[in-house]
Amino acid sequence: MNMRLGMPEAPAPGLAPRRITRQLMVGNVGVGSDHQISVQSMCITKTHDVNATLQQIAELTTAGCDIVRVACPRQEDADALAEIARHSKIPVIVDIHFQPKYIFAAIDAGCAAVRVNPGNIKEFDGRVGEVAKAAAAAGIPIRIGVNAGSLDKRFMDKYGKATSEALVESALWEASLFEEHGFGNIKISVKHHDPVVMVAAYEQLAAQCDYPLHLGVTEAGPVFQGTVKSAVAFGALLSKGIGDTIRVSLSAPPVEEIKVGNQILESLNLRPRSHEIVSCPSCGRAQVDVYKLANEVSAGLDGLEVPLRIAVMGCVVNGPGEARDADLGVASGNGKGQIFVKGEVIKTVPEAQIVETLIEEAMRLVSEMGTEKGSDHCSETTRSGSPVVTVN
C-alpha cells in the first residue's frame with residue numbers, strides 16, 4: 001500500500017512587522033513604530049523626597065530604564081517635579097490621578113510627558129481643552145492611561161465590568177476629545193490585571209487607531225507571577241507588532257521591572273541582546289550541581305552587555321555539542337570541566353575552578369572583541385544573536 005506523506009509544512013513565520021503608528025517624543029526618547037520599543041518603570045519613593053527619588057532614578061537608569069514615571073498625589077510632590085526633571089538623566093513622566101491641577105504643574109515643571117487617568121480625574125472631560133493647550137505649548141505628549149481598576153463610571157455602567165471593549169471605548173473617547181482641540185500627540189494604555197482581557201483590549205485598540213501603545217498588565221503581582229503574566233501578554237502582542245513602550249508591573253523593587261522588561265524584548269530579538277545563559281532543567285545524568293553552577297556563572301557575568309554565547313553543560317549528552325556551538329562553554333563530568341572557546345577545547349579544569357575560569361575567559365573574549373574586531377563586529381554580533389550561557 002502506498003502512503004502519501006505530503007510535503008512538510010513551512011515553518012511558522014517570525015514576528016510580525018511593527019504596527020505603523022504616529023511618532024512622538026518623550027524627552028529625547030522616540031516612541032512609535034520608527035523607534036526601538038522602550039522600557040519604563042515607576043519610582044516607589046515619595047516624590048517630594050527629591051534625593052531619594054533621584055537616587056532611584058539613577059539606579060533605574062543604570063539598569064537600562066528608558067523612561068521613568070513618578071507619582072504626584074500632593075502639592076509637595078508637584079513642587080519637587082522641576083528639580084527632579086532637571087537632574088534626571090532619563091525622561092520623567094508624571095502620573096496624575098484625581099486632581100487636574102497637577103497636570104499643569106507637571107507641564108510647567110518641564111516634565112517630558114504626563115499620564116492622565118480619565119477614570120478618576122475630577123470633571124476631566126471639561127478640562128481637556130486646557131490640558132491640550134498647555135501640552136501643545138510645551139511640546140510634550142499625553143498618555144491616556146485607562147485602567148481596569150479605575151474605569152470611567154460611564155463605561156462601567158454600560159458594560160457592567162471592565163471588559164476589553166469598555167477599556168478601549170474609554171480610551172478612544174478621551175482621545176477624540178483631545179483631537180477635537182487639535183491635539184494628537186497622544187499615546188494610550190488600556191491595562192487590566194487579566195492578561196487575556198489585556199491582550200484583547202490592545203488588539204482591538206491597535207485595529208482602531210494609530211496612536212503609540214504603552215503595554216502593561218496592571219497589578220501583575222509578585223515577581224514570579226508578575227513576570228509570567230507580563231511575558232505571556234507582551235509576547236502575544238509584540239509578536240504581532242503591537243506595542244511601543246512597556247512596563248512590567250511587579251510587587252518588587254523597580255529595578256527588577258527593568259530586568260524583566262529588557263529580557264522580554266531581548267528574547268523576542270526586539271532589542272540587542274546582552275549575554276544570555278541557557279541552562280537545562282537538570283536530570284539524573286547531570287554530574288555537577290547545574291543549578292548552582294548556572295546561578296554562579298550568571299551572577300559573575302551580571303551586567304555584561306557584550307553578546308557572548310556561553311554554554312555551561314552538566315553532562316555528556318548535549319554538553320560537548322552545545323559547548324562547541326558557543327563562543328565560550330564548559331562540558332562537565334567526573335569532577336572536571338572541559339573549557340571550550342569558539343568550539344575548541346582550550347583546557348580542562350577541576351570542577352571547583354569552572355566558574356572562575358569561565359568568567360576569566362569571558363572577560364578575555366570581551367577584550368578581544370573590543371580591541372581586535374572593533375565595534376562593527378560587536379554591533380553585528382548583537383544583531384545576530386545574544387550571548388548565551390547554556391547549562392545542561
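Glycine too: its Cβ is placed from the backbone N, Cα and C atoms.
According to Swiss-Prot, the protein carries these features:
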- Cys280, Cys283, Cys315, Glu322: [4Fe-4S] cluster binding site (BINDING)
- 371-380: compositional bias 'Basic and acidic residues' (COMPBIAS)
- 371-392: region 'Disordered' (REGION)
- 381-392: compositional bias 'Polar residues' (COMPBIAS)
Ask   = Taking each of the binding-site residues Cys283, Cys315 in turn and counting other Cβ atoms within 10 Å of its Cβ, which one has the fewest?
value = Cys283
Request  = Going by DSSP, give the three-state secondary structure for Cys283 ([4Fe-4S] cluster binding site).
outcome  = coil
DSSP state at Cys315 ([4Fe-4S] cluster binding site), helix/strand/coil = coil
